[in-house]
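Read through the structure below, which is laid out as structure tokens, and then see the notes.
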Amino acid sequence: MILKRLSIQNFRNIESLSLDFSPKINLFVGRNAQGKTNLLEALYLLTLTKSFRAEKEDEMISWGKDFTRLTASADSIKIEVLIKQGGKEFKVNSLTKKGIEVFGVVPQSLFSPEDIGIIGGPPTSRRKFIDVLISLIDKKYLYNLSSYQKILRSRNRVLFLLKEGRRAEIKIWDKGLVDFGSQVWQKRREVLLQLDRLLRGATKDLLGNEIKLVYKPRGVGNLETLNEIKEAYAKLIEKIKDAEIERGFSILGPHRDDFRFVLEQLEDDKILEKDLGLFGSRGERRTALVCLKFCEVNLLEEYLGTRPILILDDVLSELDSIHQELIFSILDKQQTFATALDRNLFPKALLENAKTWVIENGSFNIAS
């Protein structure tokens with residue numbers, strides 16, 4: 001799916017803007033704090049219903065304004081989002097929709113400097129990455145994950161009351177936790193296995209060594225069928241119930257998941273494994289991340305039958321020439337939106353086939 005046009009009103013430092021896009025490469029160049037990332041944030045919000053950097057939605061409303069409105073046209077689809085104090089509203093082709101219905105209508109893959117946290121940051125970074133990816137592939141997963149998180153919050157409130165000595169019914173929440181949590185676990189395992197397959201191949205070609213994904217959710221390990229996972233999860237939370245009541249919160253489940261990136265190296269006829277999150281060099285982590293993003297795009301294409309739009313937020317300045325060349329090699333394989341401090345960071349051949357804007361203080365002008 002191709003984004004054809006974007007209109008912005010009262011979004012951060014962008015007062016009013018309408019842009020017509022190239023179906024291939026769209027570049028936005030300019031100094032920092034001029035509005036480049038604001039534009040990418042607007043695209044991300046329209047396609048995935050949330051900002052990738054704002055803590056509160058009203059942060060995105062221009063200073064002194066009461067609302068922000070974003071509109072995008074993609075093939076036969078028109079997506080609108082209106083943000084006011086206290087909430088946001090979505091429409092698709094003028095019909096009001098819930099956020100979960102709009103999520104992924106236009107699939108996308110974001111690559112920003114902060115993504116290095118996927119490799120070496122806290123587990124929350126990896127869970128967020130895989131949850132967004134699977135939700136783009138399977139809307140049911142997004143529903144199951146949302147339901148699990150709602151039940152988890154309710155269950156934690158009950159556990160806290162039990163900790164304080166007030167007895168309350170917990171089993172009803174246990175059942176919902178097991179039902180939705182088991183489906184989340186099963187789907188994560190399925191998609192991570194496919195991502196592992198692609199990542200091993202990509203890193204083998206590039207490095208001569210493979211980087212693999214290691215995912216073993218505590219309590220259910222490598223169990224495959226939904227019934228097996230449900231049975232194991234139910235037994236486990238019953239076993240740890242006293243510990244959860246003592247602590248006042250749920251101590252096990254998909255919300256505590258993690259997976260690791262492990263480099264396999266052959267030395268003296270032995271395969272040595274290095275956890276890149278713990279022991280990887282800066283270069284190894286960046287290689288793993290670039291390959292992971294390539295694999296994310298390819299996996300989305302495998303599942304959806306179309307390549308997602310690619311959003312690159314000033315990543316070239318963070319990469320060496322080898323990794324830059326890897327990025328350049330895929331820019332024209334799908335519709336791409338990229339920001340940079342200087343257009344000369346891009347090869348001349350790419351610039352000739354790109355539509356380029358120069359941004360200054362929220363103003364976007366076509367490069368001459």
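Glycine too: its Cβ is placed from the backbone N, Cα and C atoms.
Applying an 8 A CB threshold to same-chain residues 6+ apart, the list for Gln34 (ATP binding site) reads Asn13, Ile359, Glu360, Asn361, Gly362. Residues or ranges marked as ATP binding site in TrEMBL: Gly30, Arg31, Asn32, Ala33, Gln34, Gly35, Lys36, Thr37.
Annotation comment: TrEMBL describes 3-349 as domain 'RecF/RecN/SMC N-terminal'.
In the three-state DSSP scheme, Lys36 (ATP binding site) is classed as helix.
Listed in sequence order, Arg53, Asp313, Asp314, Thr339 are the same-chain residues at least 6 apart in sequence whose CB falls under 8 Å from the CB of Thr37 (ATP binding site). The ATP site, placed at the center of the C-beta atoms of Gly30, Arg31, Asn32, Ala33, Gln34, Gly35, Lys36, Thr37, has further neighbours from the same chain whose C-beta lies within 8 angstroms: Asn38, Thr339, Ile359. The Cβ neighbour count for Gly30 (ATP binding site), using a 10 Å radius and every protein chain shown, is 21.
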